[in-house]
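K.L.:
Among the features that TrEMBL reports, transmembrane segment is placed at 42-62, 82-107, 119-142, 148-173.
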Amino acid sequence: MLIQLKKNLELSKSTTKRMVTNDLDELEHIKDDMKELMEKPIGFHTMGLPLVVSFILTLLSFAMPQALIWEAVFSFMGWPDYALLGGIILTGLPYCLIMFPSLSLIARGNYTALKVYISLMYFTSAVALLYLGHSLWALMFGENTSTLTFLSSCLGVIFMLIAFKCINSLMFYKSNAFYLHNRIWRKQLEIQRKSTSNLKK
């Protein structure tokens, strides 16, 4: 089902292993392989649209159930409602501190960051499904819930489906090849810079 996603992970993993070399010719060969996968040097894949869209939708999907989750926690613990925002920040801040750097590192061709980001997407999907399940249960058994809560829980799941569709797309596969191509190019420049510096000495 998630064929392109698996191919992306395999591409990142294998290319990262191949990049261990400092041989400029070998790096150029790997870079040419990435160019072939990209097909075109410039296009929507170079804009990073699949990654950006999936990021926004994942973030929204994670944010939607936070108020309900922390209301339940505060009610259970007997804490005052005015401090509810503190609980939301307590969850949201670590999430964003992992999500934002991961996004940046994926754009730099980092394999580990891609794995972390996909893990966060799976985690967010689980949260969205639990939120939907809770909303359905409350709606079916007449518990105190609003239509807005049910709609937002449905939206959360829809957002995650679209987010996975973006990451599981051919366009993101080409984007990933573009990110890896640029990572190799940066490594080549670094090797050349060091080589020039050593010659001057």
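Just so you know, glycine gets a Cβ as well, placed from its N, Cα and C.
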K.L.:
Same chain, outside the transmembrane segment (42-62) by at least 6, Cβ under 8 Å from its Cβ: which residues?
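P.N.:
Hits for the transmembrane segment (42-62): 92, 95-96, 99, 103, 106-107, 120-121, 124-125, 127-128, 155-157, 159-160, 162-164, 166-167, 169, 171-172, 174-175, 177-178.
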K.L.:
Using Cβ atoms and a strict cutoff of less than 8 Å, what residues sit near the transmembrane segment (82-107) while being 6 or more residues removed from its termini?
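P.N.:
Sequence-remote neighbours of the transmembrane segment (82-107) are 48, 51, 55, 58-59, 62-63, 66-67, 69-71, 73-74, 113-114, 116-117, 120, 176, 179.
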